[in-house]
Amino acid sequence: MRLQPDLAALVVTEDALGPVRVLGGADASSMRFDPTRTVHAAMVALDVATLAPIGAGGASRSGGLPYIPGLLGFREVPVLARAFAQLPVKPDLILVDGHGIAHPKGLGVASHLGVVLDVPTIGVAKSVLRGTVEGDFPDTPGARAPLVWKGRVLGMALRTRRGANPLYVSVGHRVSLETAIAWVERTLRGRRLPEPTRLAHEEAARVRLAAAAAAG
């Protein structure tokens, strides 16, 4: 899409965020071969001190773009923005289940969402879309290894639990990579996933089930 490089040019990869009092988590759920092209999205708001949920929003939309790897932002961000609008309190920083700049066009769903909402975002992905993990990467919680593409560090592979697949953390929008990693580590609570995206995933599942029940 021609709009993709224009949006990617707006991504800020340095810290440009104020005090964080409310954290957000974002996740979208869909079936790759669903003929209705339905996307279910959820946002959660958490108190930064306790990581307790203080609000949630959800939305579903059918008839959007087909599932095309590399263009998921155009499919998911409009629905995530609707979920964001439903939050009773808006987050100062959002952890997004998906890539930030570690993306073939430098505009994963986390970066896309951050630019559209003009909110700081962090990409927290479960698989690699672009780049190679380089260097030693032991099976030790807290271990890190850079995700590199053509000499450029796109993100960081982060081992959060022994014996579990790593997470791939990247800048979304208006945060530096070190800040992104620090927030992911701060919100892990001994699990593989940080609390904001874990709760957003659960909320997205509830949104999907509610939509299915409403459809009969």
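Glycine residues also receive a Cβ, built from the backbone N, Cα and C atoms like all the rest.
The Cβ neighbour count for Asp97 (Mg(2+) binding site), using a 10 Å radius and every protein chain shown, is 25. The Mg(2+) binding site annotation in TrEMBL covers Asp27, Asp97.
Just so you know, the Cβ of Tyr67 (site 'Interaction with target DNA') picks up 15 other Cβ atoms within 10 Å once every protein chain is counted. For Tyr67, the entry in TrEMBL reads site 'Interaction with target DNA'.
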Across every protein chain in view, the count of C-beta atoms other than its own within 10 A of the C-beta of Asp27 (Mg(2+) binding site) is 30
Whole-number Å distance separating the Cα atoms of Asp27 (Mg(2+) binding site) and Tyr67 (site 'Interaction with target DNA') is 16
Cα of Tyr67 (site 'Interaction with target DNA') to Cα of Asp97 (Mg(2+) binding site), in Å and rounded, measures 16
Reduced DSSP state (H/G/I helix, E/B strand, rest coil) at Asp27 (Mg(2+) binding site) is strand
